[in-house]
Amino acid sequence: MATLAAFLLLWGLSLSPAAEAATFIDTRPDLWAEAGSLQEPWANLTLVCRALLGTSDFQLFKDGELQERVRFSEGGLEHRFPLGAVTADTQGLYRCRYAMGENRWTSLSNLVEVTGADTLPAPELSSKPVSWISPGLTPTLLCRAGLAGVTFLLRRQGDDQFLEVAEAPEAVQATFQVHRAGNYSCSYRTHEAGAPSEPSATVTIEDMPRPPPPRLSVERESGESAAVLFPSSPQVSLRCVAPVEGVEFQLRRGDQELLVSSWGTTPGTVNFELKSLKPADSGLYTCRYQLRGEDLPWSLDSAPVELLLSDGLLPKPRLRPLWSGKVSPGRDAALRCETPVAHQSLELLAAGEVVASAYGPSEDLVLTYVGPQHAGKYSCRYRSWWPLVSELSDPVELQVAER
């Protein structure tokens with residue numbers, strides 16, 4: 001499937017959204033530096049740009065500007081850019097990219113900093129797949145330098161010595177299994193007697209008896225946390241996203257587990273299909289996940305999603321003024337119409353007539369340049385999926401001060 005995706009990308013074609021989620025590959029190249037001698041790494045340096053797909057066209061950038069372009073008659077996966085001895089002219093921040101077709105380039109590679117003899121630039125430290133320790137799950141710290149062949153050093157805050165040392169004779173990164181919570185950083189050295197580089201940014205690993213909660217949302221509402229359903233369309237899809245892959249999911253209403261059909265095309269994500277819903281199915285829904293294995297704890301519950309099954313108007317919003325006291329003539333008066341579910345538009349009404357409206361996610365309705373004629377009582381309503389409209393809010397009175 002990955003070969004199919006690469007073929008379609010090369011020919012300017014694309015997959016369906018579901019297939020794309022399952023087959024996406026990152027085509028960015030990898031960039032690193034190789035030293036002629038790690039005893040003196042800056043005396044003779046070469047930058048290596050490695051492509052994921054075969055290409056005959058590479059570009060090297062320095063400090064945001066194109067430095068060199070190389071074309072070949074035959075395709076390959078790698079090109080070496082010799083810098084030689086590092087000088088003030090060659091110090092800087094480098095990236096590369098390669099062509100995937102006529103005038104079609106990949107995204108830029110990772111950043112490699114060339115500093116010279118005074119100091120070694122800091123590596124990057126990241127955690128995979130997560131940044132916590134829980135039963136059944138041990139994270140890995142990945143320390144990456146821009147220079148190949150170095151020795152990596154891991155340190156935990158509060159410890160006097162380096163916690164672990166890993167040699168990478170031909171690689172630019174090393175991994176460390178983490179079994180204790182704490183604040184970690186890494187550095188590297190080019191040879192045994194060499195001074196360590198600047199430390200990486202700190203990565204915090206937490207100890208969690210239960211994994212953190214997933215995220216639950218209404219799929220059709222673009223991630224909203226509530227939805228109103230009607231007899232004409234009594235079904236909805238709830239999407240649960242875990243922060244880690246390889247898990248089992250569970251949908252719940254209150255304390256009750258719901259056995260419903262589900263599907264997913266992306267690891268760590270599931271869609272629960274709720275069909276033929278009735279007013280009795282209204283309530284707060286949550287999801288949770290569990291790593292696959294015996295006697296492993298369920299995660300914390302997600303924040304709830306509320307489903308409202310209605311046979312009439314949408315539930316009424318709440319209208320409140322954003323001023324206090326009386327409004328001075330000539331000023332604007334803003335009112336906030338707070339809706340219990342996602343909306344497409346808002347309307348402000350006075351004496352049954354629409355006097356202001358707003359579209360999109362905004363909740364504010366504004367009366368501009370207020371005068372005595374604006375005094376009175378106002379209500380608001382909202383519209384969701386056409387032609388659904390809500391009840392009117394309770395009224396709010398606007399009083400205009402005398403001049």
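Every residue gets a Cβ built from N, Cα and C, even glycine.
Annotated features, as they stand in TrEMBL:
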- 225-310: domain 'Immunoglobulin' (DOMAIN)
- 231-294: domain 'Immunoglobulin subtype 2' (DOMAIN)
- 322-401: domain 'Immunoglobulin' (DOMAIN)
- 328-387: domain 'Immunoglobulin subtype 2' (DOMAIN)
- 190-218: region 'Disordered' (REGION)
- 1-21: signal peptide (SIGNAL)
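In terms of DSSP helix, strand and coil, the domain 'Immunoglobulin subtype 2' (231-294) has 3 helix, 34 strand, 27 coil.
In the predicted model, residues of the domain 'Immunoglobulin' (225-310) average a pLDDT of 87. The DSSP breakdown of the region 'Disordered' (190-218), given as helix, strand and coil counts, is 0 helix, 9 strand, 20 coil.
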